[in-house]
Amino acid sequence: MGNATRLTSDTQLVKMACAIVLKGHWHNLFNPKIQSFLNSSTINQVLLDVSLYNSNLSWSFFKWADSIPNYKHSLQCSWTMIHILTKDKYFRDAQNLLQKIALKDFMSSPAVLNAIVSAHDDPDVNSHVLSWLMIFYANCKMIQDSIRVFEHMRVKGFKPHLHACTVVLNNLVKDRLTDMTWKVFKKMVKVGVVPNLHIYNVLVHACSKSGDVEKAEEVLNEMEAKGIVADLFTYNTLISLYCKKGMHYEALCVQNRMESGGVSPDIVTYNSLIYGFCREGRMREALRFFKEIKGVTPNHVTYTTLIDGYCRLNDLDEALRLREAMEVKGLYLGVVTYNSILRKLCEDGRIMDANRLLHEMNEKKIEPDNVTCNTLINAYCKIGDMKSALKVKNNMLEAGLKLDSFTYKALIHGFCRKLEMDRAKELLFSMQSAGFSPSYCTYSWLVDGYCNQGDEEVVINLPKDFLRKGLSPDISLYRALIRRFCKREKVECAQRLFSVMQGEGIFGDTVVFSSMAYAYLKVGNQAAAISFLDEMYKRRLMVTLKIYKSLSASYASDKGILDIFWDLVFNKNLVSKALIKDIKQLNL
């Protein structure tokens, strides 16, 4: 009875508040009796009731209520206001309010979405608002939240807007989440989304990112079947993909196709074609396209691509001539242009000229990037000037640049060449701590350096050093060290490391076991070799095509022993039928 009386009283007060808002007597809202009952629930109801007469007044009341002391709008109130604004097509205000609450209220949570969306039964408005939410999260790099909103829409039967679908798919492609792109696209089609040119362009871009030529052609065929005409972006993306794959004939076919379809190539089209030929050293064809450019003006990308091509072809004179042509035309020489010339100077050992170029960059206020610094570090390391290499490294850090995998590898290699092994080892630990994984080459330099000094014991103790530094020695470390010891025919050292690895509970893989087996076979211990091959069989460690090629290339000079080794491997059934087929097809 008491609850019913209170409910009636609240209803009357809601009506009273609505009347005050509609009549414009705002000062009456400060009546203690009215103000005391204004909570999230009653304000939500006032918003709904007032909106039946005037949505502008609802919006004014919403903003006024936000100024009540010790009161904050609930998510439900805000969602109601967004719905009211959307229904009356005040889209900008609705979107601004949605963005204001989207980050703080965890709105991508299924529980939250269920609670707020179910309170409003207008499917068109819900589709509008949830589509905006998808766009907002995607543009904020919160792609998983965006997908969760889409999944809620899909389950509830709401169809997202085309623009929302385009934005979400585009952000997935930017993050290189290609598999997810296709999964989400298929789900979008299932809920009734009809792809347009923009969505198909995103899909073609996804194919380009993943290097999937066949998929790109499928998308293009699907577009044509649906009567969707490709535009300049579609063609440019396809040409870029073909050029990156070295498929120049196909790229030229696309160019002819676009021109016959009335789409004029732009500078991006020409730049892609020129890049494709330059990267393969086909400068004559690249230059022909450069001279054929019509209707558009070559830009700094065009010239930089050609300059880089000539540098890679060891024609520095022609590269420098093009650089002068750039400057005559008033084109901006960026860091990428300088990096191409700098790399060639360093390759030729012209360090003084490289430093003069660096000084010129400094005068023109062109900031060096990681490529600039790494090129110089690598050049100094190759000539054994580690002092200068470290100076460049320190300058990198002072400039706010971060050391990358290449930086560490170049420095480690440099110190190994100088046989300053302890400094090389410390850099290896720093590399691991920074989150970079050393390659087989990196470990090989260390093994070779210590072995050349007769300090094999240091290499064998490297896993313990890792632990002391708080790093975890994994299979990749043991694999590289064992493989290199085997290559150097230091089988006893490899065996000791193998035993340490087994003692740590790390089981070897095919590379470890096959390397050990080959090493024992080469030193004349066939029994030990067969023992390792038998263990491989027990653990079902099979030789793949990649491992077959790698081992064959590594020991190509040991023709007789290599043949015996593969005979043993095949007799022990350590290869699959698929590998045997591949070997026959490739004539390996």
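Using the three backbone atoms N, Cα and C, a Cβ is placed for every residue, glycine included.
The repeat 'PPR' annotation in TrEMBL covers 126-160, 161-195, 196-230, 231-265, 266-296, 299-333, 334-368, 369-403, 404-438, 439-473, 474-508.
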Fill in the blank from the handout: Averaging pLDDT over all residues of the repeat 'PPR' (334-368) gives 93
Practice task
Would you mind splitting the repeat 'PPR' (369-403) into helix, strand and coil residue counts from DSSP?
Solution key: 26 helix, 0 strand, 9 coil
Practice task
Please give the sequence-distant neighbours of the repeat 'PPR' (474-508): residues at least 6 beyond its ends with Cβ less than 8 Å from one of its Cβ atoms.
Solution key: 437-440, 442-444, 447-448, 451, 456, 459-460, 462-463, 466, 515-516, 518-520, 522-523, 525, 539, 554
Exercise for the section: By DSSP assignment, list the helix, strand and coil residue numbers for the repeat 'PPR' (161-195), in that order. Expected result: 26 helix, 0 strand, 9 coil
Exercise for the section: Please list, for the repeat 'PPR' (404-438), how many residues fall into helix, strand and coil according to DSSP. Expected result: 26 helix, 0 strand, 9 coil
